[in-house]
Amino acid sequence: MKIKHLEDLNTLVSLSKRRGFVFQSSEIYGGLGSCWDYGPLGSLMKLNVKRAWWNAMTRRPDIVGLDAAILMHPMVWKASGHVDGFSDPLVDCKECKTRFRADNTDSYINEKKCPNCGSKNLSEERSFNLMFKTHMGPLEDSGSVVYLRPETAQGHFVNFQNCQQASRYKIPFGIAAIGKSFRNEITPGNFIFRTREFEQMEMQYFVEPGTDEQFFKEWKERRWNFYIKFGIKPENLKFKDHDKLAHYAKAAVDVEFKFPMGFSELEGIHNRSDFDLSQHMKFSGKNLEYFDEPNKKKYIPYVIETAVGCDRLFLAFLCDAYREEVTTDEAGKEDVRVVMGLHPEIAPFKVAVLPLSKKEELSSISEKLRDQLAEDFDVNYDESQSIGKRYRRQDEIGTPFCVTVDFDTINDQAVTVRHRDKMTQERVAITQLNAYIAAKLKTFNQ
């Protein structure tokens, strides 16, 4: 058997639409550039991705959760530097009207040429702010300007004192959040890799100055282990240190994943020093120092940040999990089984119920079994086409187990359970099925 892994992102885009992972937003109107909707399977899987990250963070004894507002006081973004500095250099081609970023387009950097048509008839570089601006209230004037947040992190900083005092946590401790952010990207693309509306999963870990470098190392290791735990292959991951640091950073490293278009950033891990809290102290006039009671001293905490895009991680899980198993029979005919080898905690459905026939005696048992399993798991029910085609459908969407109800079930009250990856089958009593599936999910890859 030959194994082929994903080489072309278009293969995944097609599968995502066909199976209900991701749809083009507003498709009946021709779509809206780089905006995507998560379908029946995608919404389930995305929830699982967020739950995996959330549990990894907030089930620790030193991290609390936060759900901050998307709209914030505009001075937040002045203090953070976004109003004055959150921009990309933009260039227009006067021939083909293409717009592109000047700082990451090779043909422009090397030869001052348009990446689309090759023309050198280009505009001067100009700064383009990436924040979406809107107005709050009935009047559209300068006093009503607000922004759709470009990151969730600032909610952590302005709520640092609230969270610390309400939870009574002592430093070191963290604040975790999942939420929508918006950036008016010049060149979005590569499916859901870079979009203008996206969901972030960020954690800010507040530490005493002088301990920051050690915690930075620890969080690098923890985040790497998170990806390995949920099934991403080590050879598809690497760390990349930043050559040039952002204005707020003392140190920065990216976790990169090998997407079909090459290694690209999956998560950023940053030592933000005391920049953010210091800035908000300066602009708000509020004292955000932390008082260390045992040592009787005050300081502005340093911050270790971990920031990953949920949509980008969703894409990485699909890219990493996709495989084609190619077998050849004696006549030389090839057969291809497409498998989405997702970790069970990430897969949209944990189990599928497949009655061998649509006859009433099997359907009634199967529907009761579906309801029994649904008390503990996300369950798919499928009774159309041959059992072989139904197995293939479940393989393609990543369902770890298929439960087949056959005519023997009527007498022995047992079902056949099929393992997605091993394709082994086992007969299990209906009364033991929930416990069996739960146990097997925990040891699925062993």
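Cβ coordinates are placed from backbone N, Cα and C, and glycine is handled just like the others.
Summarising the annotation, Swiss-Prot assigns substrate binding site to ARG101, GLU151, PHE198, GLU199, GLN200, MET201, GLU202, GLU305, THR306, ALA307, VAL308, GLY309. Cβ neighbours within 10 Å of GLU202 (substrate binding site), excluding its own Cβ and spanning all shown chains: 25.
Annotation source Swiss-Prot lists ATP binding site at 183-185, 193-198, 265-266, 309-312, citing sequence analysis. Listed in sequence order, SER34, LEU130, ARG194, THR195, ARG196 are the same-chain residues six or more apart from GLU185 (ATP binding site) with CB atoms under 8 A from its CB.
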DSSP three-state assignment for LEU266 (ATP binding site): strand
Recorded substrate binding residues, ARG101, GLU151, PHE198, GLU199, GLN200, MET201, GLU202, GLU305, THR306, ALA307, VAL308, GLY309 - maximal Cα separation rounded to whole Å: 27
Candidates GLN200, THR306: member of the binding-site residues with the richest Cβ shell (10 Å): THR306
